[in-house]
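Shown next, in structure tokens, is the structure this report addresses.
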Amino acid sequence: MYSHLSDSQKEILNYDAGCVVVKACPGSGKTYSVAARMSKLLAQKKFRHKGIAALSFTNVACEEIADKLIVDFDVKQKIGYPHFLGTLDSFINQYIFMPYGHLVMGCKQRPELVGEPYSTWSINRYERDPHQYFDKTTFDLNDNLIMIAPHQAFHFKWIYLNKSGEINGNIQNIINSKNDLFKVGYANQSDANYIALKILQKYPLVAQNIANQFEYFIIDEAQDTNDIQMGIIDALNNSGAGNFMLIGDRDQSIFEWNNARPELFDEKYNQWGKIELNENRRSSENICRFINFLSSFDRIKAVTKSIATYDYVPSIVGYKPEKKKRGTQNWIVTPEESKSSFDKIMCLFCATCEENGIEINKDNVAILYRGQSKSQFLGVQRDKFEFSSNPWLPNNYHVKDIVKGKHLYENGEFKEGYRLLEKGIIEAINKPKNNTFYCTNSFIQLLIDNNGIKEHRDNLFELIELMPTTKKKTLNEWINETNTLFSKFKIKFQIEIDNGNIQIDELFGNNMNHGDVHPFYFGTVHSAKGKTFEAVLLLLGKKAGMNYVNMLSRDFSTLKPAYQEELRIVYVGMTRPRKVLMLAVPEDDVNEWKTKLN
Ligand SMILES: Nc1ncnc2c1ncn2[C@@H]1O[C@H](COP(=O)(O)OP(=O)(O)OP(=O)(O)O)[C@@H](O)[C@H]1O
């Protein structure tokens, strides 16, 4: 079963004890090797009370490990006690934060996770209420408050210390507000990690107890670890958990907004045992050569025979970005001209796919764009990640839970959809009476205790069923229809209609399962992390302060962190295709890109 693993993959497979870091290039079979090692350990060792903790950063990445265990390595047993397979966050929640959080937070009961991805935080009692920032802030290793949302989300300029060296009044108010809300038991996911680290530091017995429950820790995508998470890994390591394997690709670290720092991965690589995977099994040699310039590997080799020699040479094409004459409202390049230049590139890309015998569907072909660039591409009016195009209004965040809940519900994610709908609808009913209302799990329990589960569910389903479908509708269309239908209940949903002209499928869809807006996969580079396509068109915009040409002309190590991350995002996008890679950049920049990449 393991004979086709490469020598370096076999080093991972056979690694037994101690701490080691695996530095791996794109497409080198990181997840594949993790699954191979787990399957071998499961077959060879008797695990009674101490298991394997296999952790990654997203549910999708964890599902991929679970999938590979079954499909590639014939593991029949379900990964349950004494093992754990899940996200690092869910591990921290289950083993540290939920059972012990109250010890540090001072709350009486088990804490409750709020904010994304659990629910929309909606307390906002008055205009500059510090409570409204609860889900947008957390604390760092030194107990300083930090932002975990774009700076535009705050009503003030984030300057930590004022001239006299004191903490800025707005920031101090948020710190006080966070501590008050911790006492009531609320925490967002970043807070949960911060509190978990505090627990391990303050209660060494808790740390020892968790360290004792696992023989092996394997952490995939470890380049995405932040300081707090690495602090937790160190605390467990110092408390007796001796077998850590971190596996990742520092060049693909693109979660800086989550405070991920690839330098933490590098530090561990320098301190611990080392394994290197530099063979790419996904892409052609032409693509590997093209991307090498953005890689920290000396050379990445294409090793899959059927793909390595594929003769398509990656190409760079220019489009016309919208442009206004300086200081005026006069267009030099109108939005229509710009859009038409994209259409031409699209046609060229589709023709190239056809010439290469690649059928255009969501599995094979992807058009990827940068998360924060305004996406005028392909007639998408708004970029769903751009803060200024946020359609949700303060004091009405429950509307987001409801629309998202209905969308998920209609797309087969019943449990998560119902959970969001339940919270959103209860807030929609109670907020008009009391605008500080926030629907907690304990409030829902109280309703169920008073009314009985049947009446509670019947009432909710009456409203859920009455809501129109979210499929193929813009947010504005859906809100208007729902408001007409709900007027008899005196429930009215409000959004920022200027930003509501976006398809709900586009807003919440995960592209592969739902949302048939485009025949190909169309999404941000972030959304395509870990994926493989036959052909990729990567659209790179040009934003103020984020000029790729300037970035490319400088030595990578001298670039500021945000620019380094920007180039890593480009790298993740460029490493997704097996055969065809096309880059679309502003036409003025084409030559610079060509000199750098060819
Ligand atoms: N030794 C091997 N034999 C056969 N197939 C392999 C082997 N190693 C990896 N693969 C396959 O190569 C592909 C790439 O592997 P995988 O997705 O694990 O790479 P990765 O390192 O996680 O990539 P990336 O970080 O770029 O997303 C997968 O289809 C995997 O099943």
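Just so you know, glycine gets a Cβ as well, placed from its N, Cα and C.
Summarising the annotation, TrEMBL assigns ATP binding site to A24, C25, P26, G27, S28, G29, K30, T31. Per TrEMBL, the feature domain 'UvrD-like helicase ATP-binding' maps to 3-284.
Projection of TrEMBL feature records onto the structure.
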residue: A24; record: ATP binding site; Cβ contacts under 8 Å, 6 or more apart: K30, S33, I247, G248, D249, E276, L277, N278
residue: C25; record: ATP binding site; Cβ contacts under 8 Å, 6 or more apart: D249, D251, L277, N278, E279, N280, S295, F297, I300
residue: P26; record: ATP binding site; Cβ contacts under 8 Å, 6 or more apart: D249, D251, Q252, N280, R282, S283, I291, I300, Y571, V572, T575
residue: G27; record: ATP binding site; Cβ contacts under 8 Å, 6 or more apart: N280, R281, R282, S283, T532, T575
residue: S28; record: ATP binding site; Cβ contacts under 8 Å, 6 or more apart: D249, L277, N278, E279, N280, R281
residue: G29; record: ATP binding site; Cβ contacts under 8 Å, 6 or more apart: S6, Q9, L277, R281
residue: T31; record: ATP binding site; Cβ contacts under 8 Å, 6 or more apart: A61, E64, I65, K68, D220, G530
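A Cβ distance below 6 Å to any atom of ligand 1 is met, among the binding-site residues C25, P26, S28, by P26, S28. In the three-state DSSP scheme, A24 (ATP binding site) falls into the strand class. Within 8 Å of the centroid defined by the CB atoms of A24, C25, P26, G27, S28, G29, K30, T31, the record's ATP site, lie the Cβ atoms of Y32, D249, L277, N280, R281, R282, excluding the listed residues themselves. For K30 (ATP binding site), the count of additional Cβ atoms within 10 Å of its Cβ stands at 27 [all protein chains shown].
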